């Protein structure tokens with residue numbers, strides 16, 4: 001039995017009509033149009049594995065910025081209130097923990113919990129750290145950087161979460 005071997009670029013041109021990727025065979029090669037249209041890919045082939053792109057967007061997305069003057073973490077926590085969040089600094093790490101007990105929604109009961117841990121740069125002034133929650137559910141953790149050679153004051157302490165009434169100015173990813 002003869003099997004025709006096709007060049008990969010030929011299969012890619014037929015991508016939306018003939019998905020050639022099974023079980024992440026081409027992992028790391030980027031996203032194509034049919035990766036962003038999950039309803040189309042599931043109707044074409046029952047063996048085609050859906051992209052993980054959607055699950056990444058549904059999880060709490062965070063962004064870390066560190067420039068010359070300050071260190072900032074943006075974290076989407078829209079399902080949590082300030083009372084559900086705990087922000088703590090231990091040594092060179094900031095730990096953000098969110099948990100709310102079981103609540104009833106349209107489909108039954110739901111509970112959520114997450115734990116994030118970020119390494120702080122060594123030159124962040126830990127005595128001037130702040131944390132706020134915007135009206136649209138974006139948690140902003142920030143701290144100024146100090147000139148090198150000065151003591152950053154490493155200790156364990158809790159950072160209170162304040163609520164802001166305006167939406168976040170963080171870029172949407």
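Cβ atoms here come from the backbone N, Cα and C positions, even for glycine.
Listed in Swiss-Prot:
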BINDING   100, 102  Zn(2+) 1 binding site
BINDING   107  Zn(2+) 2 binding site
BINDING   154  Zn(2+) 3 binding site
CARBOHYD  162  O-linked glycosylation site
MOD_RES   1  N-acetylmethionine
MOD_RES   6  deamidated glutamine
MOD_RES   45  phosphoserine
MOD_RES   50  deamidated glutamine
MOD_RES   70  N6-acetyllysine
MOD_RES   90  deamidated glutamine
MOD_RES   99  N6-acetyllysine
MOD_RES   101  deamidated asparagine
MOD_RES   122  phosphoserine
MOD_RES   123  deamidated asparagine
REGION    1-63  region 'Required for complex formation with BFSP1 and BFSP2'
REGION    144-173  region 'Disordered'
I'd like to know the mean pLDDT over the region 'Required for complex formation with BFSP1 and BFSP2' (1-63). 53
Fewest other Cβ atoms within 10 Å: which of the recorded positions 70, 99, 100, 107 wins that one? Let me know. 107
Sequence-ordered, the recorded positions among 70, 90, 99, 101, 123, 162 whose CA is within 10 A of the CA of the residue listed as 'Zn(2+) 2 binding site' come to none
The number of other Cβ atoms within 10 Å of the Cβ of residue 102 (Zn(2+) 1 binding site), counted over all protein chains shown, is 9
Closest of the recorded positions to residue 122 (phosphoserine), Cα to Cα, picking from 70, 99, 162? 70
Rank the modified residues 90, 101, 123 by how many other Cβ atoms lie within 10 Å of each Cβ and give me the one with the fewest. 101
